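Chemist: The structure under discussion is supplied below as structure tokens; questions concerning it will follow.
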Amino acid sequence: MAVFKTTLWRLISGTLGIICLSLMATLGILLKNSFTKLSVEPAYTPGPNIELQKDSDCCSCHEKWVGYRCNCYFISSEEKTWNESRHFCASQKSSLLQLQNRDELDFMSSSQHFYWIGLSYSEEHTAWLWENGSALSQYLFPSFETFKPKNCIAYNSKGNALDESCETKNRYICKQQLI
């Protein structure tokens, strides 16, 4: 009788131990995946930038900003005119996105949306200029000659540029250079 109780107790405790280890392993995997998902998926909703989060290899970005190659990007989900977008970015100590190269938006998912960037037509200079006053490099937008003067440029992650009236409401991307 005592041998039977000992064997039964060992069987029950062994089974419960295996179940406990399985649950702990599952919990560990779920926690790892949820933290990885949180740090990879950017929040595209605008809001105050209070908390800092590590999003980039070499720098920290504010909450709701995406870190990529030592720059921080705010990708809006609301639509504004080009000037409203520019003012919002300036209020966040950033500017509308000035593309340095066509690969700059590789981190974005394949979004169908067009976003205002910091490129508009300057009547004074009769040229397309970035918000900081520098000229547009033709290799970025080979078809820029077909853009209509007096417009602003919206861009999507597939590398397409669209010239629209600056009063049209679009989503927008702010860029903050940290280095």
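Each Cβ is built from the backbone N, Cα and C atoms, and glycine gets one as well.
OK, Swiss-Prot features for this one:
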type: TOPO_DOM; residues: 1-10; note: topological domain 'Cytoplasmic'
type: TRANSMEM; residues: 11-31; note: transmembrane segment
type: TOPO_DOM; residues: 32-179; note: topological domain 'Extracellular'
type: DISULFID; residues: CYS58-CYS70; note: disulfide bond
type: DISULFID; residues: CYS61-CYS72; note: disulfide bond
type: DOMAIN; residues: 68-175; note: domain 'C-type lectin'
type: CARBOHYD; residues: ASN83; note: N-linked glycosylation site
type: DISULFID; residues: CYS89-CYS174; note: disulfide bond
type: CARBOHYD; residues: ASN132; note: N-linked glycosylation site
type: DISULFID; residues: CYS152-CYS166; note: disulfide bond
Chemist: Of these disulfide-bonded residues, CYS61, CYS70, CYS152, CYS166, CYS174, which scores lowest on Cβ atoms within 10 Å?
Modeler: CYS70
Chemist: List the Cα distance (Å, whole number) between CYS61 (disulfide bond) and CYS70 (disulfide bond).
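Modeler: Their Cα atoms are separated by 9 Å.
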Chemist: Quick check for you: of the recorded positions CYS72, ASN132, CYS166, which have their Cα within 10 Å of the Cα of ASN83 (N-linked glycosylation site)?
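Modeler: Taking CYS72, ASN132, CYS166 one by one, the ones whose Cα falls within 10 Å of ASN83 (N-linked glycosylation site) are CYS166.
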Chemist: Reported in the order helix, strand, coil, what are the DSSP residue counts of the domain 'C-type lectin' (68-175)?
Modeler: 13 helix, 38 strand, 57 coil
Chemist: Could you tell me the C-alpha distance between CYS152 (disulfide bond) and CYS174 (disulfide bond) in angstrom, no decimals?
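Modeler: Approximately 15 Å lies between the Cα of CYS152 (disulfide bond) and that of CYS174 (disulfide bond).
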Chemist: Could you round the CA separation between ASN132 (N-linked glycosylation site) and CYS166 (disulfide bond) to a whole angstrom and send it over?
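Modeler: Given the Cα positions, ASN132 (N-linked glycosylation site) is 17 Å from CYS166 (disulfide bond).
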Chemist: How long is the line from the C-alpha of CYS70 (disulfide bond) to the C-alpha of CYS89 (disulfide bond), rounded to the nearest angstrom?
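Modeler: With distance taken Cα to Cα, CYS89 (disulfide bond) is 18 Å from CYS70 (disulfide bond).
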